[in-house]
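Asks: If you look up Swiss-Prot, you'll see Asp248 marked as active site, proton acceptor, on the strength of sequence analysis. Summarising the annotation, Swiss-Prot assigns ATP binding site to Gly86, Gly88, Arg89, Lys109, Asp121, Gly122, Arg172, Arg179, Asp258 and lists sequence analysis as the type of evidence. Residues or ranges marked as Mg(2+) binding site in Swiss-Prot: Asn249, Asp258.
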Amino acid sequence: MTLSFTARWRDELPATYTALLPTPLKNARLIWYNDKLAQQLAIPASLFDATNGAGVWGGETLLPGMSPVAQVYSGHQFGVWAGQLGDGRGILLGEQLLADGSTLDWHLKGAGLTPYSRMGDGRAVLRSTIRESLASEAMHYLGIPTTRALSIVASDTPVQRETQETGAMLMRLAQSHMRFGHFEHFYYRREPEKVQQLADFAIRHYWPQWQDVAEKYALWFEEVAARTGRLIAEWQTVGFAHGVMNTDNMSILGLTIDYGPFGFLDDYDPGFIGNHSDHQGRYRFDNQPSVALWNLQRLAQTLTPFIEIDALNRALDRYQDALLTHYGQRMRQKLGFFTEQKDDNALLNELFSLMAREGSDYTRTFRMLSHTEQQSASSPLRDTFIDRAAFDAWFDHYRARLRTEAVDDALRQQQMQRVNPAIVLRNWLAQRAIDAAEQGDMAELHRLHEVLRQPFTDRDDDYASRPPEWGKRLEVSCSS
């Protein structure tokens with residue numbers, strides 16, 4: 001089957017990019033590809049044949065129909081206007097046309113210098129490409145909207161970061177790479193007609209049902225806000241901290257995008273800061289809902305030339321509603337509740353307080369809770385707490401709450417185990433795969449990808465364990 005590519009972005013938004021070709025790496029070689037995703041997209045196996053070199057995965061060749069561009073956008077970084085940014089090392093190669101008429105961006109990260117590289121070198125390093133590939137696939141299999149990873153190419157090209165590393169490329173796929181920052185770019189350049197063109201593009205291709213509706217722009221922004229609210233709710237329920245929620249890292253489609261200094265909670269710490277460059281804690285775990293709203297407010301400002309203020313405020317309210325509704329639903333599922341009752345939030349907050357005091361492992365606590373038997377007065381979770389009396393008091397309240405619903409253990413446990421993962425991508429697991437890969441051993445990278453495809457399956461090996469001492473509080477930065 002021949003892959004078909006279109007160039008909608010290039011054809012319809014000429015002011016938003018620079019056309020250019022990728023710059024290949026030295027001795028580039030394909031070290032991993034996403035076989036399941038490749039099969040779903042009907043990508044010929046021959047394209048992954050190592051005897052053909054790095055090929056399209058390393059920017060050495062293009063597939064018919066590809067028209068590479070680097071996109072320009074701007075944004076607020078750490079709450080401060082940063083001006084023009086753009087694809088400083090990534091190139092949108094083309095948009096794959098799928099059987100249902102939708103498209104999928106093929107974006108090559110680490111593809112070399114672009115007009116938007118600023119002081120950068122246009123490269124990505126092996127460490128960061130491995131982290132992004134693992135994170136995006138882990139989030140996908142957790143059921144959270146995200147970009148996808150299709151391939152990783154390693155090389156012998158030296159790249160200087162805090163230390164000297166080697167260059168790599170990641171093929172990232174997404175329904176769209178449209179960001180809040182695209183709109184900010186033209187708003188602050190005082191080109192509102194181009195802001196409106198971006199909105200028209202989004203509606204035409206992703207919300208076509210509203211094209212002929214009078215209030216199409218207000219409806220569109222309301223949906224952007226709602227998607228953002230649902231996304232942040234999903235992050236909070238699995239204990240995911242993005243680490244660098246700048247406006248240029250926010251997706252119009254409500255996707256998790258740009259995995260840098262992210263981290264999943266080990267110990268439950270609502271103030272967890274994954275990014276060691278975030279000295280003020282702006283992007284700490286418990287501040288993510290507020291930051292997302294702030295980012296939406298920045299996007300709303302760019303839309304004021306063609307959306308009424310009242311409509312924008314209604315959309316921002318929709319964000320709050322979507323966030324709280326989705327978060328509440330998901331947390332009730334994690335606790336095994338099938339109905340909503342007035343004391344549910346208090347019961348959850350009591351558990352969180354207990355976990356915070358004890359430094360309980362976030363993922364393991366909820367997974368162990370999902371094995372609770374309603375009639376049993378004891379729980380294996382009890383042994384993980386030092387203050388047994390406090391746990392017993394909470395557990396008595398919890399069991400009493402379970403008894404208010406006519407649901408048997410098997411059905412409740414089944415629901416809980418579908419939403420409480422046994423495995424998340426802990427930073428130490430990613431680091432172990434990176435350390436091996438940097439020595440030329442890709443086995444752990446491949447193994448970890450396989451493990452992350454089944455996050456809701458119990459395991460008795462270290463993939464489901466708490467981190468070892470060396471793996472606690474690993475420092476992660478924006479350097480990539």
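Glycine is treated like the rest: Cβ placed from N, Cα and C.
Let's see these features in context: how buried, what's close, how far.
Replies: According to DSSP, Asp248 (active site, proton acceptor) sits within a helical segment.
The Cβ of Asp258 (ATP binding site) lies under 8 Å from the Cβ of Val244, Asn249, each on the same chain and at least six residues away in sequence.
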Asks: At its widest, how many Å does the recorded ATP site span between Cα atoms of Gly86, Gly88, Arg89, Lys109, Asp121, Gly122, Arg172, Arg179, Asp258?
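Replies: So the binding residues stretch over 22 Å, Cα to Cα.
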Asks: Just the number: how many Å between the Cα atoms of Gly86 (ATP binding site) and Asp248 (active site, proton acceptor)?
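Replies: Between the Cα atoms of Gly86 (ATP binding site) and Asp248 (active site, proton acceptor), the distance comes to 8 Å.
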Asks: Looking only at Asp121, Asp248, the recorded positions on record, which one has the least crowded Cβ, with the fewest other Cβ atoms within 10 Å?
Replies: Asp121
Asks: Between Asp121 (ATP binding site) and Asp248 (active site, proton acceptor), what is the CA-CA distance rounded to a whole number of Å?
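Replies: So the Cα of Asp248 (active site, proton acceptor) lies 19 Å away from that of Asp121 (ATP binding site).
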Asks: In whole Å, how far is Asp248 (active site, proton acceptor) from Arg89 (ATP binding site) when you measure between their Cα atoms?
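Replies: Each residue's Cα considered, Arg89 (ATP binding site) and Asp248 (active site, proton acceptor) end up 14 Å apart.
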Asks: If one looks at the chain holding Arg172 (ATP binding site), which residues at least 6 apart in sequence have a CB under 8 angstroms from its CB?
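Replies: Expected: Gly90, Asp105, His107, Leu108, Lys109, Glu132, Ser136, Thr147, Arg148, Ala149, Leu150.
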